[in-house]
Amino acid sequence: MQNTPILPPANLGILGGGQLGRMFAVAAKTMGYKVTVLDPDPNAPAAEFADRHLCAPFDDEAALNELAQCAAVTTEFENVNADAMRFLAQHTRVSPSGDCVAIAQNRIQEKAWIRKAGLQTAPYQAVCGADDITEASAAFLPGILKTATLGYDGKGQIRVKTLDELKAAFAEHGGVDCVLEKMVDLRGEISVIVCRLDNQHIQTFDPAENIHENGILAYSIVPARLSADVQQQARQMAQRLADELDYVGVLAVEMFVVGDTHELVVNEIAPRPHNSGHHTIDACAADQFQQQVRIMCGLAPADTRLLSACCMANILGDVWGGDGSEPDWQPLQNHSRSHLHLYGKKSARKGRKMGHFVTLAADSNTALTEAQQLHQSLSVQP
Ligand code: ATP
Ligand code: MG
């Protein structure tokens, strides 16, 4: 059964109906499939494009049984219940596997596993109790104490310089399992998205160079402004992780570029399409959501080639007026090489990802400069 390709108009299911689920649904519908979304939010961004919205909690048995009727099921977020994925896998094709999703849900397991695969991480120590904080922990200072589970967009992280600060931070996290990570000499951050069906059919997108603001991704620039050697190495590392996991689906691998020598260390993995891959919709031969559809259907990933240098800029709720008034879309919509994507979210909040745009240009620096200018123009009312 695993080898028979699933063709349109089969029904594809997705756990989670946020913006990633929405872009998945657009891709799947465009390719002629039907889409069923499971998400408890009645206003889930993906619902607008889905044939069917199962509006229920992610562990709702009846809803999971409905979803299990789909020809294949995937997910758009890593904090999905891995058991729900395993349940679905008894009834239908599920990718990525619940086991792969589970690894990415816990930073301690994830880092141990990355090391086991023979790749570097920042030096770290698991802190699962106050007793784990000893003189030896000083080797990881100055560092960042990150909760082992449920962290995203820099949440659940406290920077610490001394053992006393470390103890206080552990208490502040409420004594939950944490990872103490040594601060590395960060020269940049990149991510590589891998699309893998099996060891014969695997493609990687060009690495994206990521710029964060206030712990949230602000811009992704492609091609990354790094040597061809380092970029090639990044693609190989990401592919190696996917191979080690025998991964089926779209996998994002975030890496730090460290020191003068631009050594690459793996920060974390996300078992799904990624915010830093949104440019692929407007700038690549096939995009990350089409790849997700293809692979869950047992089809080989398509060409990942970059067709133009570009910069993706996130649009957060911050650029909406305090009274809920819309940003000034005019300059962006007047720009002939920019593509606006809005997620249809009902209310704008600070830090909430409302949409993004992609600006194409002759080279990465120009794309970044133009995207920054266009981003500025959003919050200037006409
Ligand atoms: P996201 O959801 O954006 O991936 P997150 O909550 O998973 O964020 P991390 O990716 O672990 O958090 O870290 C957030 C940011 O903090 C990184 O992008 C990086 O800029 C910085 N950072 C994290 N760990 C280190 C480190 N060991 N050394 C230096 N900087 C770090
Ligand atoms: Mg991260």
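Keep in mind that glycine also has a Cβ here, set from the backbone N, Cα and C atoms.
TrEMBL labels come from automatic prediction, so no person has curated them.
Copied over from TrEMBL, here are the features:
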type: BINDING; residues: ARG107, LYS146, 151-157, 181-184, GLU189, HIS212, 267-268; note: ATP binding site
type: DOMAIN; residues: 111-297; note: domain 'ATP-grasp'
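VAL184 (ATP binding site): 19 other CB atoms within 10 A of its CB, across all protein chains. The number of other CB atoms found within 10 A of the CB of ARG107 (ATP binding site), across every protein chain shown, is 24.
Within the same chain, residues at least six positions away from ASN267 (ATP binding site) with a Cβ under 8 Å of its Cβ are THR121, ALA122, GLU189, GLU254, MET255, PHE256. If you take every residue in the domain 'ATP-grasp' (111-297) and average the pLDDT, you get 96. Summary: among the binding-site residues (LYS155, GLU181), the fewest other C-beta atoms within 10 A of the C-beta are counted at LYS155.
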